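Feature annotations, reproduced from TrEMBL:
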- 129-401: domain 'Peptidase S8/S53' (DOMAIN)
- Asp137: active site, charge relay system (ACT_SITE)
- His190: active site, charge relay system (ACT_SITE)
- Ser353: active site, charge relay system (ACT_SITE)
Amino acid sequence: MLLTDSIDFTNNLSTKQIIIKFKDASQKNLEMIKQKYNISKYKRVFPDTKNKQLAAKLGLNNYYRIYIKDQNMKKELLKDLNQELIIENAEPNVVAHSTLIPNDDCYCTQWGPKHIEAAKGWSLETGKENITIAVLDTGISLNHPDLKPNLVQGYDMVDITPDEFITSPGWELTGDYLDRDFLPIDEVGHGTHVAGIIAAVGNNAEGIAGVTWHCRVMPVKVLTKYKNITTGQVTGIGLFDDISAGVIQATDAGADIINLSLGSLNKSLILEDAINYTLNQDVTIIAAMGNENIEEPSYPAAFPGVIAVGSINKNDQLSDFSNSGDHIDLVAPGEDIMSSYLNNGYKKLSGTSMAAPHVAGLVGLIKSINPSLSNNQIQNILFKTATDLGKKGFDKFYGWGKINIFEALKLVLKYPDGTLIKDNNSSIYIIEDGKLHHIPTSNIFYYNKYNPNQIIEVSSEQLALYPLEKKKLFPPGTLIKTKNSSQVYFIEGRKKRRILSAKLFAELGFKTKNIITVTKYEFNLHSTDPPIKESFPHLNGTLLKGNGPAIYVIENGMKRYIPSLNIFNTLYRSQNIIKVPDEIINKYQDGPIKLFKDGTLIRSNPNQIYIFYNYSKHLIPNFDVFNAFKFKYKNIIKVSKNELELIPTGPPLI
């Protein structure tokens, strides 16, 4: 059982309940156990799950909670049940506790977000409404003005039977602890505080700002109010079967992330199975390490796959109360944390309970940028970008270090189409349609008019964010031949087409000086289409110029006007222009005007820089964003106001 430093009833708080996991929960086996051990009350723990196949694989359908009349017989009964061949596991229904250290009210400035570079991170992402973070806790103040806009349907999963619960002397269960419903009302304040750290509405002139401003919060009440009769002190407690049911309910209801600012020193199979049900569906789980200042594992933080979070103070030192150990992953601010509280108020609290939601909020921002990331990818991003504290590298006090929101979001940024990136092995890729295309040779790089100054070096983690597509080949309109052959081919799409004769070559307007000699490898990258037999219509990629200054490119049987030299120079070479009579030009229907190459940086005045992709210009809103994408000022093309106005405006880059 995990308890706060300020409350000590470890030896007294328990239940008259046992959780049984049958190997096969058939009616026959259930009846046999009932009769043999004189069990009168029992209840299936997970009556329904959304992912039936996964639930069956993990044996979730085989869990039952049984009631025992004599608490003194519990230890012996557990031993006997675990020896039954039809039972996989029997364990007490453990009591877990919220993990906080209470402080006095204080309405001062938040220090946590500043300490983990949240402000710079918010220039990249403030959260998306389609990402939901479940807060499994004491519930949430549903009408709190700093939380209400971000709340979605919640659940009260607490279902405690008073006569099966053994309280500590001087303490009592109060509030709503009977029966499950859809009103997860917070009577303690802990869950409201945690939710505010994660997703209090930002930039609304109200109270505080969460790590994510717009991600949705799903309140799932799994802890109820436990009150000291004499002092009035309250805390949150809950049973492991209710917490496990809450984990599964949150997962089935569509949560992308689950925060568990609670724990116990008791390991539990039912909770581990519920955790695995969730992790197997790539829902990310973050849990508090606990506040006993010990190295002993606390659960669920110590379960494999769960991100375990310890607490630090303003000086980057591990908090005096924070647990540590080999299972710790990260640390985050956890002392004197200002957040939302009961009665539409705000309060400062301390504990690993306050540290964990900083990480949950960051994962919300990460998934807002790329919701398809796996749990392994997310953990790699968090660990790689953490600010190292303590001993170099991983250590048992700080894990991989203090989370850094800005660095994490930079690592997960999706670069726009047209971006050239290079990995640690010096392989160069171009991003097109959100996918990676390897540029296999320097010849192909050069003839696609790529600029080596625009190559951005990225980590293997960033590279892994993009699916790998087909290799980039020579651009349409390129004339190629191999070293030992005089046969010339024209590149059209990913195909090469043989030009049948020198006469046809001349009729097409081609020049021998534009033929490039390629390697056999490069030649074979292009599959072969039927040969070219006619000089009209011109092929895709052909540059045409009539009697006037206008230059066109032929694409899909249409001519596309290239309206400026700036645009032309990002795409083509002037030596490839073919002069034809105006009557030839006029035979082609007009297509959309041709604009810049994807990935081009442009500006008309010094204060507004755009990046062009997907046939539109996208404003780069500030220098933090510019630098986060590793753009270079020397690559910006200055354009006229008229050129800028030609380009449709898309949404800002971030």
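Glycine is no exception: its Cβ is also placed from the backbone N, Cα and C atoms.
TrEMBL does not curate its annotations; it predicts them automatically.
It should be emphasised that the depicted structure is a prediction, and the values quoted were computed from it without experimental measurement.
What TrEMBL annotates, mapped onto the structure for a quick look.
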residue	record	DSSP class
Asp137	active site, charge relay system	strand
His190	active site, charge relay system	helix
Ser353	active site, charge relay system	helix
Task: Around the Cβ of Ser353 (active site, charge relay system), the count of other Cβ atoms that are within 10 Å - done: 35
Task: Rounded distance in angstrom between the Cα atoms of Asp137 (active site, charge relay system) and His190 (active site, charge relay system) - done: 7
Task: Cβ neighbours of Asp137 (active site, charge relay system) where a neighbour is any other Cβ within 10 Å - done: 30
Task: Inter-residue C-alpha distance, Ser353 (active site, charge relay system) and His190 (active site, charge relay system) (nearest angstrom) - done: 8
Open item on the list: Return the average pLDDT for the domain 'Peptidase S8/S53' (129-401) as a whole number.
Closed with: 95
